[in-house]
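Right, one structure below, let's go through it.
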Amino acid sequence: MDAIMKVNDVVNRFVWGAPVLILLVGTGIYLTVLLGLPQIRYFVAAMKEVFTSARGANEADKSISSFAAMATAMAATVGTGNIAGVSTALHLGGPGALVWMLISAFFGMCTKFAEVTLAVHFRQKDAHGDWRGGTMYILEHGAGQKWLAVIFAIFAFLASFGIGAATQSNSAAEGLSMGFGVNHLYSGIAIAALVGLVIVGGLKSLSMVTTYLVPIMAVFYIITSIVVLVMNAAHIPEAIATVFKLAFENPGETVPGALAGWCVKEAVQKGIARGVFSNEAGMGSAPMVHATANVEHPVQQGFYGIFEVFVDTIVICTMTSLVIMTTGTLTGHPELTGSQLTLQAFENALGMGVGRYVLSVALLLFAFTTILGWYWYAETAVTYLFGVWFKPVMKVLWIAMILLGASGAQLFGSAGNVFLNQIWDISDTLNGLMALPNLVGLLILSLTLRRVVKDYDAKKKRGEVK
């Protein structure tokens, strides 16, 4: 196992290192220019589409509404990375990492718009009559690169068990334990049972749950963050000034303690990496659920991709960052990272009791919905690889991984904890590897994408689409 982990470390440094991050952002820049700034041109239309959309699912073709598809994708996207990932980026890359997170998110809005649009354009129906789509179908039916499609599906399938099941159930159990003292084993059983009840009903059941939970959890976290920021409003200008200053210059000796020594390179790399990890733009995951939507034109579903990245990174990640900075937690507790840093920030502002409960509930909701969203990605990948017959097996494996993730450390002691960390590290690498075939597909089909966008613009002008 040591040899495997050493290889994984090398690959991980590559996929989350400068070359691939440059490719990710570079693809976003290229598509932004090629498509004429769709994240700006369509921004108002995207907001209007999201907030006025009330289209129901079409039972005849087993699709779901555009909003339900977006809610399911956001269930997977808006997760513990918005809490732990952001604080890790600030801890390792300094406050300036936020600027680079936002810059990458701006271009990521276009990348996800492109992914989602192509996913709907090239979607197919499976043996049960359900819509299936995503990077695998884009690569096979659009780019004619089935071998890349298979590689992507394998990466997505394997990554899902760590990114989507084990680590998320562990975070949910940790939230219940931290806030309410619930035993990890009991938490694991409860979470597994609830997830099982949802996924047994298929996409309809899953999307119904996420449609209700995702807006509630997002609003809950945003309002709580706003309360903290209002309480510390006097420190907001200083925090923003520090963020922009340290994004472009080495802090040197101007920042005390553990913060000293951070440089621009670290801010850029950590900001972009954690931003991409959080909003998943360019990873090829979200298109798998967007492809199931009942929508008039592929571009209209692409609007939801713009909205996802905006809310995930530009709104929620920014709020997490400012909460940490305005409460003085980043400089006051340089030894903390991950969710513990965010927890300390909320406790500093709201008091130990309230702050702990707030973050516990947020962790639980974020983790639970991520488990649901990533289940659909896993099922889509495994259906592409093995066919619909494997779906029941997938459900059993998913439930087992949830139990292991939530209570593995308690059941197996230090060995269980080591195993979970290894699962996380490998899944993190696989998650990054998903981006490579996905970006290849986007670049190959960029001109096709432009034709689809122009087709929408022409039909919109003629009044043929909303």
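Even glycines carry a Cβ here, placed using N, Cα and C.
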Annotated transmembrane segment segment (source TrEMBL; candidates 64-85, 306-327): 64-85
Cβ contacts under 8 Å made by the transmembrane segment (432-453) with residues that lie 6+ beyond its boundaries: 11-12, 15-16, 20, 23-24, 27, 30-31, 34-35, 38, 111, 114-115, 117-118, 121, 135, 138-139, 142-143, 145, 148-149, 151-152, 155-156, 159, 276, 282-285, 298-299
Cβ-based contact of the transmembrane segment (97-122) with the transmembrane segment (20-44), 3 or more pairs under 8 Å: yes
The transmembrane segment (397-420) vs the transmembrane segment (64-85): 3 or more CB pairs under 8 Å: no
Interface check, the transmembrane segment (357-377) with the transmembrane segment (64-85), three or more C-beta pairs under 8 A: yes
Cβ pairs under 8 Å between the transmembrane segment (212-234) and the transmembrane segment (20-44), at least three: no
